[in-house]
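Quick look at what Swiss-Prot annotates:
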{"type": "TOPO_DOM", "residues": "1-8", "note": "topological domain 'Cytoplasmic'"}
{"type": "TRANSMEM", "residues": "9-25", "note": "transmembrane segment"}
{"type": "TOPO_DOM", "residues": "26-430", "note": "topological domain 'Extracellular'"}
{"type": "DISULFID", "residues": "Cys53-Cys205", "note": "disulfide bond"}
{"type": "CARBOHYD", "residues": "Asn87", "note": "N-linked glycosylation site"}
{"type": "DISULFID", "residues": "Cys139-Cys354", "note": "disulfide bond"}
{"type": "DISULFID", "residues": "Cys160-Cys187", "note": "disulfide bond"}
{"type": "CARBOHYD", "residues": "Asn272", "note": "N-linked glycosylation site"}
{"type": "DISULFID", "residues": "Cys363-Cys395", "note": "disulfide bond"}
Amino acid sequence: MSQLRATKSGLVVRAVICIFIFLYLRNPTPAESEEEPAQPEVVECGFYPDELCSALFEGKGAAPQIAKFCKTPHKSEIHAHLHTPGNCSRISRGLHFITRPLSAEEGDFSLAYIITIHKELAMFVQLLRAIYVPQNVYCIHVDEKAPMKYKTAVQTLVNCFENVFISSKTEKVAYAGFTRLQADINCMKVLVHSKFQWNYVINLCGQDFPIKTNREIIHYIRSKWSDKNITPGVIQPLHIKSKTSQSHLEFVPKGSIYAPPNNRFKDKPPHNLTIYFGSAYYVLTRKFVEFILTDIHAKDMLQWSKDIRSPEQHYWVTLNRLKDAPGATPNAGWEGNVRAIKRKSEEGNVHDGCKGRYVEDICVYGPGDLPWLIQSPSLFANKFEPSTDPLVVTCLERRHRLQVLRQAEVPIEPHWHFQQQSHFNMRLNR
């Protein structure tokens with residue numbers, strides 16, 4: 001009997017906590033209007049996930065803790081569409097893809113995307129549909145090591161869009177290895193020979209997500225970097241020179257690929273190039289991509305990069321500092337809001353700490369990072385793991401889609417909405 005009473009007491013305590021959580025999320029802050037929107041059926045966490053997302057974006061102190069007790073978004077819809085090949089109209093509508101240019105300005109300025117993926121199928125779909133518009137073009141590099149079921153599902157989606165294709169040449173991508181750089185080069189070759197015209201190319205990985213809309217990305221490029229490449233970076237610091245002075249060869253122990261150092265020292269860079277260190281992420285003009293694929297300096301630099309550690313952190317920025325390269329920025333530094341990343345080494349200076357968890361030096365975002373993310377001037381953010389914290393991407397995705405549709409200058413198709421009614425209690429224009 002005493003055990004039964006204890007169980008009942010525990011249930012009562014949980015019920016009281018749930019009521020408090022619900023009232024907390026429903027209670028507006030003083031700056032918010034007391035007028036409430038039309039209300040659908042109440043569930044255990046309010047109008048899930050909108051109200052919880054609103055509380056997270058507004059930085060309400062208890063919201064990240066509350067998020068742990070609420071149900072996670074259900075991804076079965078995405079998997080059901082892709083593991084059951086069928087009518088492409090059903091797939092594009094069911095997965096809420098935008099199927100027309102949203103303004104004349106966007107229709108006249110096409111972007112190319114390179115997306116390298118190897119896991120998290122639902123996250124890939126969320127990323128692609130966030131950046132997808134029919135006037136852009138997308139090259140997907142699927143890691144050769146990815147499971148066949150994963151590859152088949154990606155192919156099912158890609159088959160439904162004329163402007164999305166999978167790279168014909170794939171790599172077994174190694175962390176910090178040359179294959180990461182080669183995967184981008186493979187896609188660039190496909191993009192320049194495709195029938196689609198594009199102005200700039202942007203590279204992404206499967207753990208990135210946009211925090212700016214397509215229109216905002218175009219405005220940023222045109223206003224700040226017209227006909228210029230964005231490759232944030234500086235002359236290689238002394239403390240990381242071992243990455244390029246010592247040889248790092250890829251090898252495969254028990255199925256994983258690594259690029260550890262060996263005892264052989266590298267030859268000097270070709271053409272007496274000054275080596276820079278910077279971001280692996282870029283925004284490049286089409287002419288610069290054509291230069292990368294044809295110029296002897298670029299070809300020799302690519303060959304030299306085959307046995308250095310993390311060559312993608314050196315290759316793009318080094319070549320973009322050449323004065324004769326198309327769109328070059330020889331005097332640039334770290335400027336260029338390409339990616340919002342929280343590094344552990346920068347905690348306290350650049351950001352207020354990771355609210356999720358650090359993997360190596362990089363923050364995998366948690367719900368508590370959302371206020372920082374939406375205030376960032378960057379175009380994209382990294383790093384997300386929906387398998388760990390699915391609500392982070394879900395909140396960003398819903399907010400992003402509302403912003404996209406608010407900026408549209410064409411009639412909105414019903415299937416572009418994620419739900420019939422939105423219950424975000426926040427200002428999207430801040």
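Cβ atoms are placed via backbone N, Cα and C, with glycine included.
Mean model confidence of the topological domain 'Cytoplasmic' (1-8) amounts to 45 (pLDDT, 0 to 100 scale). Counting neighbouring Cβ atoms within 10 Å of each of the glycosylation sites (Asn87, Asn272), the lowest count belongs to Asn272. Ranked by Cβ neighbours within 10 A across all protein chains shown, the disulfide-bonded residues Cys160, Cys354, Cys363 are led by Cys363. The recorded positions close to Cys187 (disulfide bond), defined as a CA atom within 10 A of its CA, are Cys139 out of Asn87, Cys139, Cys354, Cys363, Cys395. According to DSSP, Cys160 (disulfide bond) is assigned to coil rather than to any helix or strand.
Neighbour density at the Cβ, taken as the number of other Cβ atoms within 10 Å, is lowest among the disulfide-bonded residues Cys139, Cys187, Cys205, Cys395 for Cys205. Under the three-state DSSP scheme, Cys53 (disulfide bond) falls in the helix class. Over all protein chains present, the Cβ of Cys53 (disulfide bond) has 27 other Cβ atoms lying within 10 Å.
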